[in-house]
């Protein structure tokens, strides 16, 4: 086991800097194995003497470990929630964020090298949310964390937080699950399938073995467009873009045939979203994590949702975004009903849709201080 | 001008049989022209002596002219509404349905031959909803129909019905507009863009000039999956399919890597929907009609929705599907508010989503008899 990081402020590692730990071989839920798994992670603050102040924050589908600003200038994606003086106060809590198994931000994934030094590509095995949580449990072991004070996440990060509470009932004191239900629905599976096909049908995909050649950028870009629409509410798209043309482009002008007309502003916007993701994400990881998300079902093999969660000793904190049309608030409500006791679902009020779990997370700050982060 | 079809029952043409009429050259709204346009159409019943009983029924995106069963056995897509003794009684009304300009069911479209005998393919010009309505007006002229008793349509068919009322204010007595608003929103444009890209990014697409070679079936299939999800409500998908695997397939079993796991039932369902469309529809026509639908904006160049509709002398009959998440009921409500006078929006009660305008159209029968089809 690697040495635990410093347990006093004096010894603390630099905040928000990516490090990597090897966590060994992993047998996988759906069959197959990975001979050697590394997880990339960042930390903020310092673990206290009895290791009781550790907090795990789980990123969403294409997210990364940079939850909060640290030693560098780069802002974090939950800065409103995490940092010195923030609800998750890094002066008091030791915050850990790990890149998910299958990802492309430092953890073992399809673009990693296999033991022979070749990128896994098409041979990267199917990993589930549970596989990821099992790998993260080993990371916790190596960091000297027996029990998390809290595991938090939104969207797919929420799925992992929930899965932590069910897989390791005595290792999670608080589970904060935002903008996701207890399982991926047919609707979510359907939208995911379209995204997978968009990538797999790109001729550059080559079955997943495209490393060294051109990447399936068009396919990944299309997957992102499909996903991004579902991340935003229809009201948000209509209000921001309406039917306007992009700059001087005229969507009604196409003297030379279809496909050569000007773009609508919303098309240009989605082109931009696609291009941004293509520049920062690996298509195979997108597939790997999307298939993991499709597998999300905390009740699977545990007698259903209620029975799976009954064994957890965690306190649950649930929240949904009121305009979310990807992970509907009703799914958080259903999850709440499956939990022991009365668990309220906090509502994030945002017009934007699902992405409100990122942009409006600050709305949960006061309640989180009151119920979870009381130090 | 071609001879009008028989004006008495004795002379009536065979019901529900596809015929074609040439309507001449067409200058197009977005630029360019088609040197010769043909429209395919079917009719039911007979035009009466004063040509006052003619009804135009407009199909949706991938629909066809076979609204009702006729001389043959093939059922129609609005059989519940149209036929002998039905609300649109073909013993009393002369019903016409035309294949849309740009389509692939007999009207001039991208797969038609240009004057040199080559399929138009990539050179087929961008056609709008208005272009289609202008071509249909010529068809009406040739059929001896000065004024439609009613123009009806759902979804894109509703867009054409509405456009008829605005473009030819004195040629439409009743406009029946179901499950669509006054314009395509940013949301609808965004979903359409993803579908266009799915096809255009298929390597078989070859810029649109794939005739004679393999068709972009994978791309068209993906476009259909994206669209079909939007045609159904999330509740419908979740209720029908949940997280079940397809037959003996196990979505959690993939010993040999991602992409080779079993399918979820909803994936198999969407595969089936894709395959059905690919077997019956041309990818270029899908693009052409989708871009026409993106252009839907009855207020464009007419001082906005209200002013565009103020000039119509039609009586409007509006309806929406209460679970529609593609053409939201609110958009029909907005359209109603833009119309002169008090126009109610009838509600189709269906759990299925947008496709309720097809499956549950019978719910409008009684009101349509009372308000529109009173013969």
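Positions of Cβ are set from backbone N, Cα and C atoms, glycine also.
If you check TrEMBL, you get these features:
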ACT_SITE  B:155  active site, nucleophile
ACT_SITE  B:324  active site
ACT_SITE  B:354  active site
BINDING   B:224, B:355  substrate binding site
DOMAIN    B:53-350  domain 'AB hydrolase-1'
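Features per TrEMBL, on structure.
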{"residue": "B:155", "record": "active site, nucleophile", "contacts (Cβ under 8 Å, 6+ apart)": "B:60, B:61, B:178, B:179, B:180, B:327, B:354, B:357"}
{"residue": "B:224", "record": "substrate binding site", "contacts (Cβ under 8 Å, 6+ apart)": "B:273, B:274, B:277, B:278"}
{"residue": "B:324", "record": "active site", "contacts (Cβ under 8 Å, 6+ apart)": "B:179, B:233, B:353, B:354, B:356, B:357"}
{"residue": "B:355", "record": "substrate binding site", "contacts (Cβ under 8 Å, 6+ apart)": "B:231, B:232"}
Whole-number mean of pLDDT values that fall within the domain 'AB hydrolase-1' (B:53-350): 96
Conformational class of residue B:224 (substrate binding site) under the three-state DSSP mapping: helix
Cβ atoms near residue B:354 (active site) (within 10 Å, other residues, all chains): 26
DSSP-derived class (H/G/I helix, E/B strand, else coil) of residue B:355 (substrate binding site): coil
